[in-house]
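Structure, as C-alpha cells:
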Amino acid sequence: MAASTATAVAPDWWDDVNNSPLWQDGTFHALAVLYGAVSFVALVQLIRIECRVPEYGWTTQKVFHFLNFIVNGMRSIVFVLRRNVQLVQPEIFQHVLIDFPGLAFFTTYALLVLFWAEIYYQARAMSTDGLRPAFYTINGVVYAIQIVLWLVLWWKPVQAMVILSKMFFAATSLFSALGFLLYGGRLFLMLQRFPVESKGRRKKLNEVGYVTTICFSGFLIRCVMMCFNAFDKEADLDVLNHPILNFFYYLLVEIVPSALVLFILRKLPPKRGITQYHPIH
C-alpha cells in the first residue's frame, strides 16, 4: 500500500512542477542568467584579445569569441521572453526563435573544428586551400536546408515536418560530434608524437583533449535528445511545461560546454610572432 501511494505521489509532484508558472518562469529566467553570464565572459575575452593584438584584424579566435557572445546573448533574450515567445503567431516564428540560436551554435563550434583542421594540415605540410570554402559551403547548405524546412512547415504545419526538422538538427549535431572526433583526435595524436621536451606540448595536448571530449559529448547528447524530442511528447523541448527538462538539456549541451571551452581557451595570444593567426576575409 505504501509503495503504491509513493508511486502515485511522484507523478503528481512532477506534474505540479511542470505545470507551475512559478517553476517555468524561474527555470527559464535562470537559463537566461546563465546564458547572459557566458555571453558576457565571451565579450570580455573578445575585448581583451582585441586590445592585445588589434593589428591582426578578425582572426579565427576573435570570430569564435564574437559568435559565442552572439549565440549566448540570443539564447538569454529568448529565455527572458520565453512565455511571450510561446504566444508568437504564426507558430513557425516560435520555431525560428528557438531553433536559430542552435544553428548559430553549430557554426560557432564548426569554426573551432576548422581552426584545428588548418593547424593539422599545416603541420603536415598539406594544402589548406579547400578548408575554408568547405566550411562556408557546409554552413550554407545547413542553413539553406533549415530555411526550406521552416518555409515548408509554415506552408503546411503538420507533425511530420516538425519531426523532420528536429531530426535534421539531430543530424547536424552528430555531424559536429564526428567533426570534433576526427580533427580533434587527429590533432591530439599528432601532438602526442612531438618530442616530450617541445615547448607547450603538454599544455596544448591537454587543451585539445579536453575541448574535443567536451564538444563531442555535448553534440552527441544533443543528437540523442533531439531524437527523443522528435518522437516522444514527454521529451518535447519546445513547450513551457517541461521546465526541468529544458534546464538540464540546455545546461548540458550548450551552457556548460561553452563555459568550459571559454575557460580552457582563455589564454591570450602573444603580442608578436604569431604564426597561427589568419584573418577571416
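In case you wondered, yes, glycine gets a Cβ from its N, Cα and C as well.
The following features are taken from TrEMBL:
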| type | residues | note |
| --- | --- | --- |
| DOMAIN | 11-281 | domain 'THH1/TOM1/TOM3' |
| TRANSMEM | 28-51 | transmembrane segment |
| TRANSMEM | 63-82 | transmembrane segment |
| TRANSMEM | 102-121 | transmembrane segment |
| TRANSMEM | 133-155 | transmembrane segment |
| TRANSMEM | 167-189 | transmembrane segment |
| TRANSMEM | 210-231 | transmembrane segment |
| TRANSMEM | 247-265 | transmembrane segment |
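The listed stretches are 28-51, 133-155, 167-189, 210-231, 247-265; of these, 167-189 has the most Cβ pairs under 8 Å to the transmembrane segment (102-121).
When Cβ distances are compared across the two stretches, the transmembrane segment (63-82) makes no contact with the transmembrane segment (133-155), since fewer than 3 pairs at least 6 residues apart fall below 8 angstroms.
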